């Protein structure tokens, strides 16, 4: 009894510590991607995304019935419970492997093979007869418990940890079979249990198939114990349980639950749901849409590379060598055990490479479970090495004792008693000295072993801060700010996985604003089963006319269908659209499919959503809807390794950004520039977003400040290099600043990113042609300047016309023409004319010119002006200011025109002024 208690205390204590850490760090609101859908389906016995997870639905539903806290907390507790069970199994697996395959002779700790250890472990490492194996088991379990992805999913409410606990159980049972090689009845009973549990676990998550190679391998090695009738029984049990579990899907679908992905009532819909029909996408181009089975070697290599990178991250690179050491030591001692264990990571990485999923990081947890077992064995091996080295040092005192005993015997027998007594006294002193040295050696070994053991806490130290999600209210804040402003019985149209997940959670689990009907636009348009479910579970109108419109024949069809849906319901339900739906494509693998209203409707900014109203209505934004309640400040961004988590958080952050941007756009369109700039600034400060910068660039371009415009557009281009609109507008800004080479570069980029049939391609081509034919000989320019006043200057040898509001001022060496308006509202032209010596170098002259140009030369462009050699230089400073120098040359005369500021709203006037230029003397 005492021994049993001593064996259970270490893992029990560890699990209590892990439970405390997990409970403290778990988030108070749902995590990203599918977690909300899984909670909603568990609470309502619904059907989540493929393959439906029927066994998990039934098991987790029981947890939702517990009488404490809210449903989220109950399911978090459910996940943590199975996480602790999985850790306990890993602890037992490690103890089993070490005790059965590393320490075969427990009675005297001597090795059973040439690979075993050659020294007896000291007492401190053998307390309870298995002190070091216990330490090793604790080491591996702690390493796994606080590895990033395992810890992260232990906080979550999805099926991964629940499912993987069965894989750990199967591994434990297979190892038990290997310890009783001659007991055929035991082998069959264990395999029968595995067949039964595997049938159920297959309904938890398909990744549990990772243990199938290991099971088949053990069945092969034990084939003598498995007759055909026994194999039939195993297969029959598995199929019966599997069929019973998956019958959940059609049975529940017939009740029309609100969460009813795939509506698998018929055989076809059932099969489609199981293999995720429509989810296999391989469009790695501009859309970056890759999901499901791709068959792409590139995707496979990328997945394997990502697996390797993640393996270094999970346990920190310092622990990675222990994985290799442990795997090698197991391989040396038992090929069978090694094959069972390594088959899971091999299957895992192949499966993850062939079938790409947004949950890829969570799939890898299967491998980390077995890598943790390897680290434990690696620790055991190194710790045993330390102990062996210490026992080697302690062996000399033992030999000395033998010599003293022998000498004592001679003392009693021999004649030289006095001499022998003296010699023995010296040896006794040596024994005392070496015994003290042995104690010091043992202490040093203890310290070294403790230091080695402490490495298992590295993941806890490294990941505690990023995985302490106890203050993460991001999703609940977002839910409140999105839903609370909506009018009663509203329809909310959104798009994407997290919108779908959050809306399901609020409707079925948290029961917040369940009067609101959420419609996930991309799922609604693409899938008939979704439209059927909405018809059955809500009072939303979806007519036969709308159904007939869906033929999937053109990109414009999506918008036609969505506008039809709005038209059929706008008089019965307030309709809102979240901002992401205007930007995310509802058509997977394309850049088309963003929602656009036709001329019957318009949007009114309404906080995190846009209200759809009739085009004739005159509604204004309600600024009170922008007082967002945030318990978790958005400026304090959370850290995630998971790529989908990063994307989900970025999406909700962008929705806040777009809400302020749409409000700013509304004020800009209504000529309230001060308010527009206020909200553009809020949007820009909230998150680095290319679209906000692009809108600011367009705002300033529409007001004639092309200098400010190009600076914002350049920043937008750096963040979104494939945005055709940004390239085109930046080209226009450069063209208006006479930075023609840069303008041409942007328009050429537009042409590269679009097809020749695209209207914007044709516009870009037209702009390139216009820029390449800059001329001052246009008759229209002459007509525009006919009524202007003529000015001339003898010293600088010119005559030209200037608008009535401009004046001429003569300086010591130059002439300045200006309208005297401040900043970019005005235009200033400084002119110098000088006759050059025959053969004088123009470039050298310009470098020494008294006409000083500030900044760096950005562009040089030739100009067509009959009778002159003409070109223009564009200069810019680091602060964003710009100016231009026009240079005319004729008959050894050189004229320079410094034109500033470069963002003058009257910059176009200069071309007209210059077109009237003539020398006074030929």
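A Cβ is built for glycine as well, from the same backbone N, Cα and C atoms used for every other residue.
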Annotated stretch (transmembrane segment, per TrEMBL) among the listed ranges 253-273, 274-294, 337-357: 337-357
363-383, 384-404 - the one TrEMBL records as transmembrane segment: 363-383
TrEMBL annotation (region 'Disordered') - matching range among 410-442, 443-475, 476-508, 509-541: 410-442
Folded-back contacts onto the transmembrane segment (53-72), same chain, C-beta under 8 angstroms, at least six residues removed: 29-30, 38-39, 41-43, 45-47, 78, 157, 159, 162-163, 200-205, 245-246, 248-249, 509-510
Secondary structure content, the repeat 'TPR' (690-723) (per DSSP, counts of residues): 27 helix, 0 strand, 7 coil
When counting Cβ pairs under 8 Å to the transmembrane segment (337-357), the leader among 7-25, 84-103, 187-219, 363-383: 187-219
Contact check, the transmembrane segment (304-325) vs the transmembrane segment (231-249), 3+ Cβ pairs under 8 Å, seq sep 6+: no
Listed stretch, out of 131-151, 187-219, 363-383, that has the most CB pairs under 8 angstroms to the transmembrane segment (158-175): 187-219
